[in-house]
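Here you go, one structure.
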Amino acid sequence: MTDIALEIVVNVPADEAERKISINVSENNTVAGVIRKVCKENGIPVKSSYILCDADRQQLQWSKTLRNCGISTGSVLYLYSEEGEGTQYKKPCKSNTWWFLAALSFFIGGAGITAISVLLSKNGEIIYQYGIVMDAGSTHTRLYVYKWNGDKIQQTAVAHQVHTCLVPGGKGISEYSSDIANLSVQFETCLNEAKKVVPSNRHKSTPVFLGATAGMRMLNESNHTLSEIILEKVREIIKTYPFQFDSPKESARIISGDEEGTFGWVTSNYILGKFGVQPPASFQIYPGNGTLHNDVGEGTIGALDMGGASTQITFYTPNFDNNTEPYRFHLNLYKQNYSVYTHSYLCYGINQAELKYQANLILDQGLNSTTIYSPCMPQGFNKSYKYSEIFEAPCIVNSSQHPANRSINSNHSYVFIGTGENKTCITAVQQLFNFSAACNHTDCSFNGVYQPKVYGDFYAFSSFFYEMDFLNLTKKPHSLDEFNKILSKFCKMSWIQVQVIPTKFNESLPWYCFEGQYILILLTQGYKFDRDSRTKLKFVGTVNGVDIGWSLGFMLYSSNLITNEGPTEYISIAIFAFLTVLFIVFVLIAIGFGFYAIKYMTRREGMYRRLSNYGAL
């Protein structure tokens, strides 16, 4: 055996100063043996907490020999106590610290990989946009909520209707002139519903539009100040909601009759796929009859709309006369430019037509009369109407039908008695149109209004549909001649027969004969539709669950100005790759810490493995 000379720096007991001791021991002596030897020769009580460290302050295992620990002659060793008796020794990390570092690193790596994987899986997630349109008509206001893929197609939305709500009150906003404060209560119902339908995180990006139609157009002509007060009140109501309403005067306004007609045309053709995109609820190019023709507009259908105060006709035609720009409407949809003929006849909506009919009967039979015979009402029907209900209506106040000098009270009553005379009814209805007015163009409809010959097929909706639906003429195609025959039979029915016919609109029962004749004359003598064709005209209320009207077309047209929101990229591929490598490194570090913790535990166990002769002198 070879002896080696060592220098031991002793730091125990704690109450004694550090001192150096030189000893000679065999290189095959164990670390534990060296500790015992130092303690014995220097009168230091032996404790199991004593440890021996090398010059680098690395703890030597008790069970190893000096040779195995790499200790040779001249080495300096340090004797400390783990119990704090030696103040200069700093304990290395315990195994539980290494396990903590391993767990922390593994958590960072694992959580990071999970998080970026979730973000990557959400890449390409479709962002849906919403829009709200309120149709403020002459007799009611209806709210629509539309939804579309935010990426759009060729800058225009492929929207579909997801909700509709009829504003309570049963009248148009123009009739709130003496009750403006009550508008808030009426609008709150539907706007609150819209808040629930549109996800809360999309409220601020959801635009709200209100389009006031013929009722407000009439009021605006007769009392501009009052119409603006009503609109301003509506704007104030909308502002209290969390939706996007950045330009109130542009977003809530009176739309023109031409806009109303054209947007109804857009709705009809969009639902049929005539613009080259799939109808509502789909987001792909339409492969069928939606294929665009070389001449943009060719193959589209015309649109006939009739509300309470106005009626509109809109259609594509290649046969425009010169100098007819006021009758054209230009618009861009799905990056295609369209030019259509359109015209709106204010005061020719069904409700205003009824009032004009009544006014003519009174003027013919005497302003001071109390009994008025009505050929378009069923025999046996009678009802009282006040002078003010008829002659103070906007379309009559500003017309030749309004008595210039009257001495009659506004509450004067007229009892209208139905006579059910169909031929006389037709004559009375024809008097509402001026078919002989001067026309400055090759083709005109009535009142001297230019209209090229009707071109292509047509959808007729709103009041057109309600009349035909009542007469059960919407289930299959019927010619206008067939419509005339069925209508003539109905107009000869007595009130006793009529009032038992089921209908959704009981208040319209005495008026269905008049409304039918009015629509028939407008279509055949006004718009000049072929009386024999069964395919030219189709009367529709909804198509695929979508209400046919101007509001959807308005939303599509307005969507051109709404910023695209394409599929979201939560994390790029490059960043994902970089972070994946980084988090894998954390996992590898965690594994390394784990191995070190196991190794350390094993080493510590070896340090404290008692020798059989431990403590022997």
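Think of each number as a place in line: the chain as shown, counted from 1.
For all residues, glycine too, the Cβ spot is worked out from N, Cα and C.
Okay, so TrEMBL annotates it like this:
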ACT_SITE  Glu260  active site, proton acceptor
BINDING   Gly308, Ala309, Ser310, Thr311, Gln312  ATP binding site
DOMAIN    6-86  domain 'Ubiquitin-like'
TRANSMEM  98-120  transmembrane segment
TRANSMEM  570-598  transmembrane segment
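I'm curious about the neighbourhood of these features; can you describe it?
The Cβ of Glu260 (active site, proton acceptor) has 29 other Cβ atoms within 10 Å, all protein chains considered.
In the three-state DSSP scheme, Gln312 (ATP binding site) is classed as strand. Neighbours of Gln312 (ATP binding site), defined as other CB atoms within 10 A of its CB across all chains, total 29.
Outside the transmembrane segment (98-120) by six or more residues, the chain places 570-571, 576, 579-580, 582-594, 596-597, 600 with a CB less than 8 A from a CB of the stretch.
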For the C-alpha pair, I'd like the distance in angstrom between Gly308 (ATP binding site) and Glu260 (active site, proton acceptor), rounded off.
13
Please average pLDDT over the domain 'Ubiquitin-like' (6-86) for the predicted structure.
83
Could you work out which of the binding-site residues (Ser310, Thr311) has its C-beta surrounded by the smallest number of other C-beta atoms within 10 A?
Ser310
Using a Cβ cut-off under 8 Å and a sequence separation of 6 or more, which residues in the same chain sit near Ala309 (ATP binding site)?
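In sequence order, the residues whose Cβ lies under 8 Å from that of Ala309 (ATP binding site) (at least 6 apart) are Gly137, Ser138, Thr213, Ala214, Gly215, Arg217, Met218, Leu346, Cys347, Gly349, Asn351, Gln352, Cys395.
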Give me the DSSP three-state residue breakdown of the domain 'Ubiquitin-like' (6-86), ordered helix, strand, coil.
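Each residue of the domain 'Ubiquitin-like' (6-86) counted once, the result is 11 helix, 26 strand, 44 coil.
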Setting Gly308, Ala309, Ser310, Thr311, Gln312 aside, what same-chain residues sit with their Cβ within 8 Å of the center of the Cβ atoms that define the ATP site, listed in sequence order?
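The surrounding set, listed in chain order, is Ser138, Thr213, Ala214, Gly257, Glu260, Asp305, Met306, Gly307, Ser344, Tyr345, Leu346, Cys347, Tyr348, Gly349, Ile350, Gln352.
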Please report the Cα separation of Thr311 (ATP binding site) and Glu260 (active site, proton acceptor) in Å, rounded to an integer.
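Cα-Cα, rounded: 9 Å.
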